[in-house]
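Undergrad: Per Swiss-Prot, the features are:
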- 36-129: domain 'Link' (DOMAIN)
- CYS58-CYS127: disulfide bond (DISULFID)
- CYS82-CYS103: disulfide bond (DISULFID)
- CYS135-CYS161: disulfide bond (DISULFID)
- 135-247: domain 'CUB' (DOMAIN)
- GLU183, ASP191, ASP232, SER234, VAL235: Ca(2+) binding site (BINDING)
- CYS188-CYS210: disulfide bond (DISULFID)
Amino acid sequence: MIILIYLFVLVWEEAQGWGFKNGIFHNSIWLEQAAGVYHREARSGKYKLTYAEAKAVCEFEGGRLATYKQLEAARKIGFHVCAAGWMAKGRVGYPIVKPGSNCGFGKTGIIDYGIRLNRSERWDAYCYNPHAKECGGVFTDPKRIFKSPGFPNEYDDNQICYWHIRLKYGQRIHLSFLNFDLEYDPGCLADYVEIYDSYDDVHGFVGRYCGDELPEDIISTGNVMTLKFLSDASVTAGGFQIKYVTVDPASKSSQGKNTSTVSGNKNFLAGRFSHL
């Protein structure tokens, strides 16, 4: 059964900053491999890390805090995060590719808060490690299967991965779960996958999933979708495989009625856009 997410369809103007060519983002990029820059937040959520803690997070993973130039290089190939984070030398900012009224003050580029005199301020972190293990990426292919790190083996502790799917204007994304096995807890607070009907993990929250019950299919309202995978420091499990295919505007599969079985899924926390 398919959960149709009813929102206003996202209509974007073509922007060179996304790397668009003829209306499509023309290259699929593993952000960690292409630029070495990735976003990290505290286990307890956004904006919880002091400068010293942010440095420690990056160094624990074999990297270091990204410089302004490294973050800008990542931004130029599509790295977009609507969350301010520490950089090297005590600088704070975040990369914006597509301007929006709710993020980046309608601007593109690095939204720069400058070098902070108070290193006890709490933000996220932008780390740099060109040898980081693949975990997340940007997909623009019409269809693809992607997996949790190490699948079919168990994923590691302390993972935070982001996948961004971006298709042609007017197309939608049909997401299907092929395998799903994460640590279970009633609130999905330990290990989980979150899905967002947007190009970041701030807007369009669909839901949070954990346990071993296969989630329902999901169809986006627009041509973008974001998935976030997080694991804690204790129990691991088998991981997941997720498939997406492109839904063209005239496709019948995108015209069905919205029917939801959220109430029957004990391993699901609903977002405001998951059902009517």
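Backbone N, Cα and C define each Cβ position, glycine as well.
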Undergrad: If we count other C-beta atoms within 10 Å, could you say which of the recorded positions CYS58, CYS82, CYS103, CYS161, VAL235 has the fewest?
TA: VAL235
Undergrad: Drop a 10 Å sphere on every Cβ of the binding-site residues GLU183, ASP191, ASP232 and tell me which sphere holds the fewest other Cβ atoms.
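TA: Minimum Cβ neighbour count within 10 Å, taken over the binding-site residues GLU183, ASP191, ASP232, occurs at ASP232.
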Undergrad: Report, in whole Å, the straight Cα-to-Cα distance of CYS210 (disulfide bond) from GLU183 (Ca(2+) binding site).
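TA: One finds 6 Å between the Cα atoms of these residues.
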Undergrad: Hey, for the Ca(2+) site built from GLU183, ASP191, ASP232, SER234, VAL235, who else sits with CB inside 8 A of the CB center?
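TA: The answer, listed by sequence position, is ASP157, LEU182, ASP185, ALA190, SER231, ALA233, THR236, ALA237.
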Undergrad: Quick one: pull the CA-CA distance for CYS135 (disulfide bond) versus ASP232 (Ca(2+) binding site), whole Å only.
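TA: Distance between the two Cα atoms comes out at 15 Å.
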Undergrad: Helix, strand, coil residue numbers for the domain 'CUB' (135-247) per DSSP?
TA: 0 helix, 55 strand, 58 coil
Undergrad: Please report the number of other Cβ atoms within 10 Å of the Cβ of SER234 (Ca(2+) binding site).
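TA: Cβ-Cβ neighbours of SER234 (Ca(2+) binding site) within 10 Å number 10.
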Undergrad: Find the shortest Cα-Cα separation between SER234 (Ca(2+) binding site) and the disulfide-bonded residues CYS58, CYS103, CYS127, CYS161, CYS210, and name the residue that gives it.
TA: CYS210
Undergrad: Would you pick out, from the disulfide-bonded residues CYS135, CYS188, CYS210, the residue whose Cβ has the largest number of other Cβ atoms within 10 Å?
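TA: Most Cβ neighbours within 10 Å: CYS210.
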Undergrad: Report, in whole Å, the straight Cα-to-Cα distance of ASP232 (Ca(2+) binding site) from CYS188 (disulfide bond).
TA: 11
Undergrad: For CYS127 (disulfide bond), list the number of other Cβ atoms lying within 10 Å of its Cβ atom.
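TA: Counting Cβ neighbours of CYS127 (disulfide bond) within 10 Å gives 27.
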